[in-house]
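Listed in Swiss-Prot:
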type	residues	note
REGION	1-97	region 'Triple-helical region (COL2) with 1 imperfection'
REGION	1-99	region 'Disordered'
REGION	98-140	region 'Nonhelical region (NC2)'
REGION	130-317	region 'Disordered'
REGION	141-243	region 'Triple-helical region (COL1) with 2 imperfections'
MOD_RES	PRO146	4-hydroxyproline
MOD_RES	PRO149	4-hydroxyproline
MOD_RES	PRO158	4-hydroxyproline
MOD_RES	PRO164	4-hydroxyproline
MOD_RES	PRO170	4-hydroxyproline
MOD_RES	PRO182	4-hydroxyproline
MOD_RES	PRO199	4-hydroxyproline
MOD_RES	PRO202	4-hydroxyproline
MOD_RES	PRO213	4-hydroxyproline
MOD_RES	PRO222	4-hydroxyproline
MOD_RES	PRO225	4-hydroxyproline
MOD_RES	PRO228	4-hydroxyproline
REGION	244-262	region 'Nonhelical region (NC1)'
COMPBIAS	271-287	compositional bias 'Basic and acidic residues'
Amino acid sequence: PGEPGRQGMKGDAGEPGLPGRTGTPGLPGPPGPMGPPGDRGFTGKDGAMGPRGPPGPPGTPGSPGVAGPSGKPGKPGDHGRPGQSGLKGEKGDRGDIASQNMMRAVARQVCEQLISGQMSRFNQMLNQIPNDYHSNRNQPGPPGPPGPPGAAGARGEPGPGGAPGFPGRPGVQGPPGERGLPGEKGERGIGSQGPRGPPGPPGPQGESRTGPPGSTGSRGPPGPPGRPGNSGIRGPPGPPGYCDSSQCASIPYNGQGYPEPYVPEGGAYLPDREPFIVPVEPERTAEYEDDYGADEPEQQHPDHRRWRRALRPGPGQ
């Protein structure tokens, strides 16, 4: 047989076939995760005042107040009625003149002492009398003797209410009350559309998930055959090779080998025909790699899938 011809030039790409039918849409994906809570809304208007609750329990009595200042001393009592005159004594014997003068001096001294004692007591009582018009003393005088208990006075008028006491301690929380009867269903209210709220914050970035592949579309009509390529560069002839089974008999198999070469009964095996020379594809040059894929439409397949597409078996292979 003659030498294999040169590899022809790559033919022009055929026209693209008609697009297949659109596959059925895939099943809807699962619902996405729940978004973050929105901002807090505006505070609503205050409701109507509720009914007045029952009065609470009375608070603990307040602490006793501070003792007030001591009052002014009372006015002196009225002078008592003069007592009855005593009985007249018997007339004594007439004494000597010297003794009479001595008795007079003693009597005068006793009278002066009595009068001075009464005057000092009277002055002391006068000093205790308050005098709002001519009193210049800032310090109260000494307390006077206790007067006789007076008669019970009339019942006084009720005094003004005292100042409010300090707030008592909060009471212990009572047990929860029984559940009330269900109220009647109110009439249906007529609501009006409120103002539009501010836009919420942007949600988290969604995850792109590949859906299930759609059904395969119908096969388009085959394109016109490409033009025949030019003959390629002639490759170097390969060495003729064949396998002699007698040379493989001495190779150990599972740890065991033949002690001497194996010779079949019919003699050594020789091939009936000449060895078939397998053509070897020459290495691609830089110009061939630059021109590869130039005649194909752009963006038909991603760059990382171009060689994968070339490795797929074509129709009829």
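One is the number of the first residue shown, and numbering goes on along the chain from there.
In case you wondered, yes, glycine gets a Cβ from its N, Cα and C as well.
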Between PRO149 (4-hydroxyproline) and PRO164 (4-hydroxyproline), the C-alpha gap once rounded to whole angstrom: 36
Modified residues (PRO146, PRO170, PRO182, PRO222), the one with most neighbouring Cβ atoms at 10 Å: PRO222
CB within-chain contacts under 8 A for PRO228 (4-hydroxyproline), separation at least 6: GLY8, GLY11
Distance [Cα-Cα, Å, rounded] between PRO182 (4-hydroxyproline) and PRO170 (4-hydroxyproline): 31
CB within-chain contacts under 8 A for PRO213 (4-hydroxyproline), separation at least 6: GLY23, GLY26
Residue among modified residues PRO146, PRO170, PRO222, PRO225 with Cα closest to the Cα of PRO199 (4-hydroxyproline): PRO170
Spatially closest candidate among PRO146, PRO164, PRO222, PRO225, the listed modified residues, to PRO202 (4-hydroxyproline) (Cα to Cα): PRO222
Between PRO225 (4-hydroxyproline) and PRO170 (4-hydroxyproline), the C-alpha gap once rounded to whole angstrom: 100
PRO222 (4-hydroxyproline) versus modified residues PRO146, PRO164, PRO170 - nearest by Cα: PRO170
